[in-house]
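Here is the structure we will look at, set down as structure tokens.
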Amino acid sequence: MTTTSAPDVYCVMGHPVEHSRSPWIHARFAELTGQRIAYTRRLVPLDGFARALADFAAAGGAGCNVTVPFKHDAARLATHASDRVRRAGAANTLSFRADGTVHAENTDGLGLVADIVVNAGVALAGRDVLLVGAGGAAAGVLAPLLDQAPRRITVANRTEARAQALVQAHADLAASRQVVLEALPIGQPGTGFDVVINATASSLAGGEVPVPDTVLREGTLAYDMMYGPAAQGFMDWARAHGAVPRDGLGMLVEQAAEAFAVWRGVRPPAAQVLQELRAQL
């Protein structure tokens, strides 16, 4: 008689979360790599992340992805954190170990860089980059962006003090990479950037693009970390000003591939899954 063990259980936690494509992506990764997992969405009350995390772990959960607005909470509640998590104060990937510890990683920036450099074919080395936002999404991508050695990264946020704090947390890394890293007011962040990355939820909330049109020039890569309809406003704005728009679908798949590798020890074929997912939209 043959017995089959239950699959390891994972989920994505957020608020909102119903739009997430992560369950399909991870199911496809598992199929292509021969892994047995179950992966679901979990809508978490805004004041209930710690309880949801504890309940999921107690029920035998193996790990979870964390999306807005809980990435800072995920970093704070973890037992162990990677260097990227410690710098950012934000985590998007949690692993629950048999000894009861929770390990935090942040794969957002790795996914963003892979999508820009590999999938979009845009080099970041020596470029001027504007990062719009200083919340968990922005914090999670700054170190991997610095690792690409751009000429300059400007962080612009509505609350300038938050941008300053994010810059300060990465000042040593910027110096070691010889990158100019600065925080400027969101209304006056500079002009003519090579790459503009929207790490705010302005598109998701239906709000206006929070930076002036002059941040763009002809051919600027304008990247919204959201995807699908949530990114449409930003992408329309970019296209209208001669920039090259790109949504965050590739980042989603690439960061998921990094998370899958953390959990399963296998790197799935992200490019294939991205192509398949793009065809569905």
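Placement of Cβ uses the backbone N, Cα and C atoms for every residue, glycine included.
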Among ASN92, ASN198, which is the one Swiss-Prot gives for the shikimate site where SER20, ARG21, SER22, THR67, ASP108, TYR227 also bind? ASN92
Which one of these binding-site residues has the most other Cβ atoms within 10 Å of its own Cβ: ALA134, ALA161, MET225? MET225
What does the structure give for the C-alpha distance between SER22 (shikimate binding site) and MET225 (NADP(+) binding site)? Integer Å is fine. 15
Structural state of GLY136 (NADP(+) binding site), classified by DSSP into three states: helix
Need this for a regression test: binding-site residues ASP83, ALA134, ASN157, THR159, ALA161, MET225, filtered to those with Cα within 10 Å of ASN92 (shikimate binding site). What's left? none
